[in-house]
Structures are given as structure tokens and as C-alpha cells.
Amino acid sequence: MFKKLTRKFSKGLGIDLGSTKTMIYQQDRGIVVNESSIVAVNNRTDQILAVGDEARRMMGKTPPHIIATAPLYHGIISDFEITEKMLKYLMDKVRAGKFAFSAKPRVVVGVPLDLTEVEKKAVEDVVMSAGSSQVNLVENIMAAAVGARIPIQDPSGNMIVNLGGGLTEIAVISLDGIVNWKVTRTAGLSLDKDIIKFARDEFNLVLGEMVAEDIKRKIGSALELEEPIEMQMRGRDVMSGLPKEFDINDMQIRDAMHKSIQHILDTIKATLETTPPELVADIYQKGIILTGGVAMLKNIDKFIAQGIEIPVHVADDPQTCTVRGMGVIIEDEVLLQDILVPSSQ
Ligand SMILES: Nc1ncnc2c1ncn2[C@@H]1O[C@H](COP(=O)(O)OP(=O)(O)OP(=O)(O)O)[C@@H](O)[C@H]1O
Ligand SMILES: [Mg+2]
């Protein structure tokens, strides 16, 4: 009875706790939080100074007593306390809006495919203690598939590749279940690291993480572009310690990221190789769907399609697929019961 009342008066939340982005979907409202998964803490007072994009802008610029950190590492909570503080801050912000006096919300939160029971429990605990009345876990990749409007209920093979910041997850889904999957930690952040290494090796230049990411978004690509693009890369000279600039082009960045992107392709191939042939036949026919932020990397779809000789489609607004899928799941109790990950308790 009490649970029913709570449900009536509190809006359910769907949380995508990503390695680089935390997004929250509120029932009846849509996406209400889309922030970097970064927290800036004052070590002297233990107080939170900033959360999200604001904290990210502080990275690399803080005095010693202020630390801006990412509390998730490759999709796994590495700092429980900071993750809890980050979520509490973001959830309170959502509740402080229209529904200031609402009860604690019930939450659907996503988890990676290869999580251990202990890690699952950590996610449940962190979301509960951040201020929710009930927590249900779903696999991020399932939510992404729902968000990309893949017909996961059909008795037919659907392949989805979520190209995230800390993880690349690949799954074959049929009849609301995951039939085969693989995960690699080679993902968006690896590409940033490749660019940082390239700048150091080729130009003796130290690049900031945000600069590297900016280069990846602006001129990064997986296959040759129709029109070459150039930009300036600014960093600090290793020898002199002074700022320095160089002109770079898409080909150099493509080469720098090639090994990582090839590894992602090889993992997709390996998943196909271990998928039952009936399902592979379906996948050949329908093609595979890309979601996640790195699905926006130029020509990544063409590169993968060439490598596996199967059509590849990028989902609409690929980076928000997971959280939008959670929005669908919190509204649909039957679907939730079908796909939820059993609680660790
Ligand atoms: N236009 C773009 N081109 C290339 N990469 C991009 C682009 N836009 C975003 N990205 C990258 O996408 C990644 C973030 O994607 P996403 O938000 O799906 O990851 P996440 O959910 O935070 O991480 P994960 O799911 O791995 O835990 C970042 O590495 C970001 O640099
Ligand atoms: Mg993600």
C-alpha cells in the first residue's frame, strides 16, 4: 500500500552511470541530467566543490588540496563515497525542481555486462544511499538497445555495439535475453590516450585530456575522409615547459588511433564468430546497430562495415540511447521484469 502511494507521488528515475557521462531520465519529463562523471572535492574540508561539467573544467587546473576525479573506472565504481556524493547531488538537484516535496524515487540504474556480484551490490548500495526508495538493475546494453528501438522481444538475432567512454560492449539479443556478448576496455578514453601519446612521441608535446578529446571529436576518424581536415594542437613542450602549437591533420590522428579501433573491430568479429549461426543469419540481414558517444566518431560505421561485411547503422542520438532506454523501461513494468538483473541481495 505504502509502496503504491510512493510510486504515485514520486517520479521514477533512470540513471546511466557512465565512465565519462552521467545521465538521468525522469519519468514524464525526459533527460534532466547530462553531466560529466567528475567530482571536485576539497581535501581539507572534505566538501564537494563541483560536480559534472563544472568539475571537469577544473581538471588539471586545481591547487594540491582540490582534487577533480572520475569516480568510475571503465564502468566500475572505483570510489564508492565520491560516487554516492555525485549521485546524491544530481538526484537532489532533480528533486529540487518541480517535485520538491516528492518522496524518494524508485530508480532503474544500468550496469556493465561483466560486473561481479560484489560490484553489483556496490551499485545498488550507492544508489540507495544517494536517496532512492527502490533500485532495479538493468544491463546498460539492454537499455541502449531499447533506446535505439531495437526489437529485443523478437525471436531473432539483434547485434548492438555500445561504444562508450570506458567500455565497448557488444551483445547479441533475442527474446529479451542476451545470447552472446563481449566487453573490451578499449573505448573512447583509449582513443584520447592514443592522441596524447602521439603528441608526445611526434612533437614532444604534453596534451591535456580535454584537448585530446577535442581533437578526437573534431578531426578524428576511422577511415579516410572525403575532405581532409586540419587543426591546431596546443600543449606544453616537454623540454622547455612552454606552450607550443602544431598543425595536425585527420590522417595523423587516424593513424594514432588505428590500433585501438582495430581492436574494437576484432572484438566485434570474435563475438560474431561465437554466435549461433541462426542468429548470425538474422544479423547479416538486419545489420548491426551502434550506440554510445564513440558511434559519432567519423566513419566508424563504415570502418566496421568493411571489416565484418555486414551493414552497420548508427542509432539516432547514439550517446543518449542508454538513458532514453531507461526512460522506456521505468514506464513499462512488464518490460522491466523481463530484463532486470537479479538483485545481489
Ligand atoms: N563526436 C564524437 N566523436 C568521437 N567521440 C565522441 C564524440 N562525442 C563523444 N565522444 C566520445 O564518447 C565517449 C563517451 O560516450 P558515452 O557517453 O556513451 O560513454 P559513457 O556512458 O560515459 O561510458 P561507458 O558506457 O563506457 O561507461 C567519450 O570518450 C567521448 O569522447
Ligand atoms: Mg555508457
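Every residue, even glycine, has its Cβ placed from backbone N, Cα and C.
Per TrEMBL, the features are as follows:
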BINDING   E213, D214, I215, K216  ATP binding site
Binding-site residues close to ligand 1 - of E213, D214, I215, only those whose C-beta is under 6 Å away: E213
Remaining residues near the recorded ATP site, that is with C-beta within 8 Å of the centroid of the site residues E213, D214, I215, K216: D192, I195, M210, V211, A212, R217, K218, G220
Binding-site residues: E213, D214 - member with fewest neighbouring CB atoms within 10 Å: D214
Fewest other C-beta atoms within 10 angstroms, as judged across I215, K216, which are the binding-site residues: K216
